[in-house]
Amino acid sequence: MPTESQSPHLPFGDNTHAEWYGKDILSVKQFSRADLEYIFGVAHEMRGMVERVGTFDLLKGKILANLFYEPSTRTASSFMAAMQRLGGSVVAINEVKYSSVSKGESLPDTIRTLECYTDVIVLRHPEVGSAAIAAEAAEKPVLNAGDGVGEHPTQALLDLFTIFEELGAGKVDGLTITMLGDLKYGRTVHSLARLLTLFDVKLNYVSPEILRMPKDVMDEVSAKNIPQTEYTTLEEVLPETDVLYVTRVQKERFENPADYEKVAGSFVVNPEIMKAAKQEMIVMHPLPRVGEISPDFDTDPRAAYFLQMEYGLYVRMALLAMVLGKA
Ligand code: ASP
């Protein structure tokens, strides 16, 4: 582990007794507004460091296990890049079929194995609650990188960081946020809707009838007195929207492929439709997109989805540094 004198340029100290040291990140429900300010402050510092020096030695000597039981491009690669930019290294298992999982090994046993070799575990798994099971089995911190249709807390953090950076940190209160697409199976919107209840926002949900926001998420939102309304067309809410959060229809979660065919392509955001939206607003998407946002909208200044993935790097750097006691 580097000492401060070996790393004189780092704006971070050794905080191994700090609040986040050794913590799991399983659900957005664990965060307060003060936590968000802290995380985004660190993420902001990380951005500055990446821009100035690229890679630095904050987590030198530390190893991340990146364990992915479901496909991923951005989450897996941004966690790997985050660890490497902090001077640490990565054991990546993203083809579990080549690991002992294919021999029938249980999740707790796989987790116990990986924590013998590494300092922090990032897990994506198809079952709701899997990250909590992993955290129960592990002494080391576990970060939930998506548990089935449950939650995707690090995505919600980077989504909110994007809103802070693009629309102004002080401006989240008062925003109208419209979530569009597959609200039933989309874990990113489940986490983001819950996280936004820390602010004084208005939520609109636009989806086909069979892909409505789940009742448990809506109940949690209304328990926090956040206004939320469901719609089946975008046109009626687009003009008042400050953040349009578009999602993909999650084909892999459908039991009946015929149901997918009925709703695939229900909504397409394109320059023509966006004429009805404000000039000062942003369009977000966790990606991958499969036709919900037409590529000819990408050059519009309101398109924030590529920035969003960049901000994910800084947020994940912040989280790794925090749970490893270095921020
Ligand atoms: N990449 C996001 C997720 O893992 C969104 C998606 O797959 O549609 O949930």
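Each residue's number is its place along the chain shown, starting with 1.
Backbone N, Cα and C define each Cβ position, glycine as well.
Look at TrEMBL and you will find 23-165 tagged as domain 'Aspartate/ornithine carbamoyltransferase carbamoyl-P binding'. Confidence for the domain 'Aspartate/ornithine carbamoyltransferase carbamoyl-P binding' (23-165), expressed as mean pLDDT, is 96.
According to DSSP, Arg74 (carbamoyl phosphate binding site) sits within a helical segment. All protein chains included, Arg74 (carbamoyl phosphate binding site) registers 16 other Cβ atoms within 10 Å of its own Cβ. Among the features that TrEMBL reports, carbamoyl phosphate binding site is placed at Arg74, Thr75, Arg124, His152, Gln155, Leu287, Pro288.
Taken from TrEMBL, the feature L-aspartate binding site covers Lys103, Arg187, Arg248. Under the DSSP three-state reduction, Arg187 (L-aspartate binding site) is assigned to helix.
Here TrEMBL flags 173-322 as domain 'Aspartate/ornithine carbamoyltransferase Asp/Orn-binding'.
When the record's L-aspartate-binding residues Lys103, Arg187, Arg248 are compared pairwise by CA position, the greatest distance found is 33 Å.
Here is what falls inside 10 Å of the CA of Arg187 (L-aspartate binding site) among the binding-site residues Arg74, Thr75, Arg124, His152, Leu287, Pro288: His152. Only His152, Arg187, Arg248, of the binding-site residues Lys103, Arg124, His152, Arg187, Arg248, place a Cβ under 6 Å from an atom of ligand 1. Of the recorded residues, His152 (carbamoyl phosphate binding site) and Arg248 (L-aspartate binding site) place their C-alpha atoms 15 Å from one another.
The Cβ of Thr75 (carbamoyl phosphate binding site) has 24 neighbouring Cβ atoms from other residues within 10 Å, across all protein chains displayed.
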